[in-house]
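A.B. asks: Mind looking over this structure? Questions follow.
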Amino acid sequence: MSRLQQVTVLGATGSVGLSSLDVIARHPDRYQVFALTGFTRMSELLALCVRHAPRFAVVPEAAAARTLQDDLRAAGLATQVLVGEEGLCQVSADAEVDTVVAAIVGAAGLRPTLAAVDAGKKILLANKEALVMSGALFMQAVRKSGAVLLPLDSEHNAIFQCMPGDYARGLSQVGVRRILLTASGGPFRKTPLAELEQVSPDQACAHPNWSMGRKISVDSASMMNKGLELIEACWLFDARPDQVEVVIHPQSVIHSLVDYVDGSVLAQLGNPDMRTPIANALAWPERIDSGVAPLDLFAVARLDFEAPDEQRFPCLRLARQAAEAGNSAPAMLNAANEVAVAAFLERRIRFPQIASIIEDVLALEPVVTVSDLGAVFEADTKARALAEQWLNRNVR
């Protein structure tokens, strides 16, 4: 009998983490959960530990760790609880771990994901901020360690599936003309512009096709999510920003396309369910059952496409500008967006002010060369401070 693949799931209580665990549980003959991590949903993390019996669990604070450890013992589990970023990095780099699902949302996921990279793991990357913030450094570390990097975003996984196996030689070398990154357009695609001032966090989080966490749902509504994915695609596939085009596709059936110089366009289709890209990346280069229902083309009936309106979605324009500027600009973009989205979810600002905060931060802070991780976090810290200053000036 072959050895079970040991899997660490960073961000286990989030939507991607839960979908990953669903796929893993379908294949007990292949995979075993090594570690689970959570941030705020401690009762959910406990339930996941009871179900999957990991070797380790990681939580952010010592008090939460003590409570969880007591609860695990009461449940008869030997799971050891670790604390903080050090614990995250430990379960990402442990010698027994084969695969790391990097699904922590935001900048907090960067260090543990890099720990997995440096340890040469197979990394299923859902944390887009890791590449957005430190793309050049991140990809350099991947090449140095020999880590296997597989995208979990449905769009990037679709691109990966449509690319030739030797795409790392360069897009022009393998005949790729451009990448077409699809977007649903979110819940406000047809909302009159004047009404965007009044939309609520709950409305922003009501995605028409996907079930996601609140932060990424707001990013989808503003199309910042697609802007971050554009930056991520540039690093994953060594593309220039002008080689990545965003296309609105409301049905979310085509997850992305690759346009070749001979006139061929390859697309990956499927029901909008994260378990498809997770299963693809988890078993690559093989295929396994994901639990996702087959796509019914007769029920889909039609596929629509339209160009994104940058007046409606200024965050997409800002992200493209950051991609073109490079260096510290994407890290600042991401940091300002995280602060702005948190303020919107707390009802401190209106929806259009998310883009206003980001644009002002990018205008105030000059782009600097990023040569190490310290410079990345310095840019992140400065941008967060400027965004908070904006809130202090403009929010009563």
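Each residue's number is its place along the chain shown, starting with 1.
A Cβ is built for glycine as well, from the same backbone N, Cα and C atoms used for every other residue.
When I checked Swiss-Prot for this same protein, it listed these features:
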BINDING   Thr13, Gly14, Ser15, Val16, Asn127, Glu129, Gly213  NADPH binding site
BINDING   Lys128, Ser154, Glu155, Ser184, His207, Ser220, Asn225, Lys226, Glu229  1-deoxy-D-xylulose 5-phosphate binding site
BINDING   Asp153, Glu155, Glu229  Mn(2+) binding site
A.B. asks: Are there residues of the same chain, six or more positions away from Asn127 (NADPH binding site), whose CB falls under 8 angstroms from its CB, and which are they?
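C.D. replies: Correct list: Leu10, Gly11, Ala102, Ala103, Ile104, Val105, Gly106, Gly109, Leu110, Thr113.
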A.B. asks: Setting Asp153, Glu155, Glu229 aside, what same-chain residues sit with their Cβ within 8 Å of the center of the Cβ atoms that define the Mn(2+) site, listed in sequence order?
C.D. replies: Lys128, Pro151, Ser154, His156, Asn157, Leu181, Asn225, Lys226, Glu232, Ala233, Ser256
A.B. asks: In angstrom units, rounded to an integer, how far apart are the Cα atoms of Lys128 (1-deoxy-D-xylulose 5-phosphate binding site) and Val16 (NADPH binding site)?
C.D. replies: 12
A.B. asks: Within 10 angstroms of the C-beta of Lys128 (1-deoxy-D-xylulose 5-phosphate binding site), what count of other C-beta atoms is obtained when all protein chains are considered?
C.D. replies: 27
A.B. asks: Which chain-mates of Glu155 (1-deoxy-D-xylulose 5-phosphate binding site) that are at least 6 residues away have a CB under 8 A from its CB, listed by sequence?
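C.D. replies: Listed in sequence order: Leu181, Thr182, Glu229, Ala233, His255, Ser256.
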A.B. asks: What same-chain residues, at least 6 away in sequence, bring their CB to under 8 Å of the CB of Asp153 (Mn(2+) binding site)?
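C.D. replies: Spatial neighbours, sequence-distant, of Asp153 (Mn(2+) binding site): Leu125, Ala126, Lys128, Glu229, Glu232, Pro277.
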A.B. asks: Going by DSSP, give the three-state secondary structure for Thr13 (NADPH binding site).
C.D. replies: coil
A.B. asks: Of Gly14, Gly213, which of the binding-site residues has the most Cβ neighbours inside 10 Å?
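C.D. replies: Of the binding-site residues Gly14, Gly213, the highest Cβ count within 10 Å belongs to Gly14.
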A.B. asks: Could you check what DSSP calls Gly213 (NADPH binding site) once collapsed to helix, strand or coil?
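C.D. replies: SS state of Gly213 (NADPH binding site) = coil.
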A.B. asks: Please classify the secondary structure at Glu129 (NADPH binding site) using three-state DSSP.
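C.D. replies: It is helical.
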A.B. asks: Secondary structure at Glu229 (1-deoxy-D-xylulose 5-phosphate binding site) (DSSP, helix/strand/coil)?
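C.D. replies: The residue in question, Glu229 (1-deoxy-D-xylulose 5-phosphate binding site), is helix (DSSP, three-state).
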